[in-house]
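Peer 1: Annotations per Swiss-Prot:
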- Cys378: active site, nucleophile (ACT_SITE)
- His516: active site (ACT_SITE)
- Glu518: active site (ACT_SITE)
- Ser13, Asp146, Ile147, Glu148, Lys186, Thr187, Lys188, Pro189, Thr190, Gln191, Lys222: CTP binding site (BINDING)
- Ser13, Lys186, Thr187, Lys188, Pro189, Thr190, Gln191, Lys222: UTP binding site (BINDING)
- Asp71, Glu139: Mg(2+) binding site (BINDING)
- Gly351, Leu379, Gly380, Met381, Gln382, Glu402, Arg469: L-glutamine binding site (BINDING)
- 290-543: domain 'Glutamine amidotransferase type-1' (DOMAIN)
- 1-265: region 'Amidoligase domain' (REGION)
- 545-566: region 'Disordered' (REGION)
Amino acid sequence: MTKYVFVTGGVVSSLGKGIAAASLAAILETRGIKVTLLKLDPYINVDPGTMSPFQHGEVFVTEDGAETDLDLGHYERFISGKMTRRNNFTTGQIYESVIKKERRGDYLGGTVQVIPHITDEIKHYIRVGAGDAQVAIVEIGGTVGDIESLPFLEAIRQMAVQLPREDTCFIHLTLLPYITSAGELKTKPTQHSVKELREIGIQPDVLLCRADRALPADERRKIALFTNVREEAVILALDVDSIYKIPSLLHDQMLDEIVCHKLNLLAKAADLSTWKKLVHALEHPERVIEIALVGKYVDLTESYKSLSEALIHAGIHTRSKINIHYVDSESIEKDGTGCLDGMDAILVPGGFGKRGVEGKIMAIHFARTNRIPYLGICLGMQLAVIEYARNKAGMQGAHSTEFHPETAYPVIALTIEWRSREGQLEIRTADSDLGGTMRLGGQECLLKEGSLARRIYGSDKIIERHRHRYEVNNQYIPRLEQAGMSISAVSAGEGLCEMVELPQTEHPWFVASQFHPEFTSTPRAGHPLFAAFIEAAAVFADKSPSSEGAISADKPERTTTGAYIQ
């Protein structure tokens, strides 16, 4: 039977519940425990697919095509298991399911209420999401005290009552603010947060106290006394410069031992040697690489969370420190490409809407004409095709029908039909709903023999995750190829364009993909496409007049992906 660890948060949002949950899962996994994670989001949206990145941050896409919370990306990066649509659900999904049941008459004419119907549905979703895991770590989104979180908190309270005592554990993450004028950490917000949680009927077994400095012993004792939590279970969640240090930080304070004791789990000792090697590689780079990430959501970098982490992973596996410069594409439209001077590589990520598109195209033109390594992802590939069509293939005014429906050269057009991972035919039109109607999830791609893409992946067939409505218009591929652009990967079956590249006689490293490789990058394994991108940037930096990217005069020997972390 599955045992449950429930993770809640108090005082303020964005304290890092997802990182804490993922770190605990990583430690338990090294102890031989089969673990999974769930994220419960209290908002009424069915999923975050149509939410603004400025409000929600990144939308993480799972292998089975679910648009989910960005915390699922952290989960996949910290443990070996893959998340599915069952690992993330929202208030919207719960109410939608209950209302459908009511319409079918499943409640036999009874009055449908939050308790028991909504809470029962939440418990059902938790059990289904846990699957056959030994331990399911369940993160409750939001903050204790939020009205929308109450049904979720009531549901997990009921589970603690209904299950044996040793089958549940509650972890509460709070903030210990430091008041400069007083010169001390303040515990009162934590006391009140736990008080509010206890009023709901939940007594935390562990407190994770987020702070920017050490927690004095007397303050720890004070927190334990006033929250009814054992002193050894009051654990400091110290601010660190890398999230990949958190597993060791929590393990050193015996969090995993406390949880295993509460859940009555017998497990081998934790082995965090891989995580320690990873952190060592992160802290001992041999070069610095400057990457320009040109996007429209740069004011909230959480919008590109998986992407920034994938670049960090590539840095780990190439012994490079990655400095990411977030560049607003609209600023390029206004002020030109001067902000890209000194960059070792340029990356244009995915995005939606017309705003900032021409600035991204200008950045791509700058990368191509100056032979700077370029990686385009999703929209970044589509705009690379548009730039090449305009400036090399003689199609002046070429555009995407997403932004310019009347363009004379619609080199990017709506994907009308394709087959899902399960082989089901999917058909879309311009009038289709926005939510959940894109080409989503893992899709098989065939790599062209002799292409740079095939050399990078070392395979003729890959599966990568997608999230898009528009695609390269096959009608214009012959003209693009005649001008010099190569279609280096296509989808299995439909022959949709999946990757483009330029011959290395024209450009040393110019690669773009319709899919999102960042969703499958992990710190332990990295990702071949990002590693190759960073290696290309390192070569460019070495050839630059100043070579300012070098940490030492002795250039390290290049190595293959994954050589440093076993």
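For all residues, glycine too, the Cβ spot is worked out from N, Cα and C.
These numbers come from a predicted model, not from an experiment.
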Peer 1: Out of Pro189, Thr190, Gln191, Glu518, which of these recorded positions is nearest Arg469 (L-glutamine binding site) by C-alpha distance?
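Peer 2: Nearest in space to Arg469 (L-glutamine binding site), counting only the recorded positions, is Glu518.
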Peer 1: Cα-Cα, whole number of Å: Glu518 (active site) versus Cys378 (active site, nucleophile)?
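Peer 2: The Cα atom of Glu518 (active site) is 11 Å away from the Cα atom of Cys378 (active site, nucleophile).
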Peer 1: Please report the distance from the Cα of Gln382 (L-glutamine binding site) to the Cα of Pro189 (UTP binding site), rounded to the nearest angstrom.
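Peer 2: Pair distance, Cα basis, whole Å: 49 Å.
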Peer 1: When you rank Asp71, Gly351, Cys378, Met381 by Cα distance to Lys186 (CTP binding site), which of the recorded positions ends up on top as the closest?
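Peer 2: Out of the listed candidates, the nearest Cα belongs to Asp71.
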Peer 1: Determine which residues of the same chain, besides Gly351, Leu379, Gly380, Met381, Gln382, Glu402, Arg469, have their CB within 8 A of the center of the CB atoms at the recorded L-glutamine site, and list them by sequence.
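Peer 2: Neighbours found: Gly350, Phe352, Cys378, Leu383, Ser400, Ile412, His468, Tyr470.
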Peer 1: Take the region 'Amidoligase domain' (1-265) and average the pLDDT across it for me.
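Peer 2: Residues in the region 'Amidoligase domain' (1-265) carry a mean pLDDT of 95 in this prediction.
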Peer 1: Enumerate same-chain residues with a sequence separation of six or more from Thr187 (UTP binding site) and a Cβ-Cβ distance below 8 A; give 'none' if the list is empty.
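Peer 2: The list for Thr187 (UTP binding site) reads Leu176, Glu219, Lys222, Ile223, Phe226, given in order along the sequence.
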Peer 1: Can you give the largest Cα to Cα distance in Å, as a whole number, for the residues Ser13, Lys186, Thr187, Lys188, Pro189, Thr190, Gln191, Lys222 that bind UTP in the record?
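Peer 2: Across Ser13, Lys186, Thr187, Lys188, Pro189, Thr190, Gln191, Lys222, the two farthest Cα atoms sit 24 Å apart.
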Peer 1: Write out the long-range same-chain contacts of Gly380 (L-glutamine binding site), meaning residues 6 or more apart in sequence whose Cβ is under 8 Å from its Cβ.
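Peer 2: Residues satisfying the criterion: Leu347, Val348, Pro349, Gly350, Lys360, Ile364, Ala512.
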Peer 1: Using DSSP and three states only, what is Glu139 (Mg(2+) binding site)?
Peer 2: strand
Peer 1: From the recorded positions Ser13, Gln191, Gly351, Glu402, His516, pick the residue whose C-alpha lies nearest to the C-alpha of Glu139 (Mg(2+) binding site).
Peer 2: Ser13
Peer 1: Look at each of the recorded positions, Asp71, Glu139, Glu402, Glu518, and point out the one with the fewest other Cβ atoms around it within 10 Å.
Peer 2: Glu402
Peer 1: Just how many other Cβ atoms lie inside 10 Å of the Cβ on Thr190 (CTP binding site)?
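Peer 2: That number is 29.
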Peer 1: Roughly how many Å lie between the Cα atoms of Ser13 (CTP binding site) and Pro189 (UTP binding site), rounded to a whole value?
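Peer 2: Per the Cα atoms, Ser13 (CTP binding site) and Pro189 (UTP binding site) stand 13 Å apart.
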Peer 1: How big is the Cα-to-Cα gap, in Å, between Cys378 (active site, nucleophile) and Gln191 (UTP binding site)?
Peer 2: 46
Peer 1: Across all protein chains in the structure, which of the binding-site residues Ser13, Gln191, Gln382 has the highest Cβ count within 10 Å?
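Peer 2: The residue with the densest Cβ neighbourhood is Gln382.
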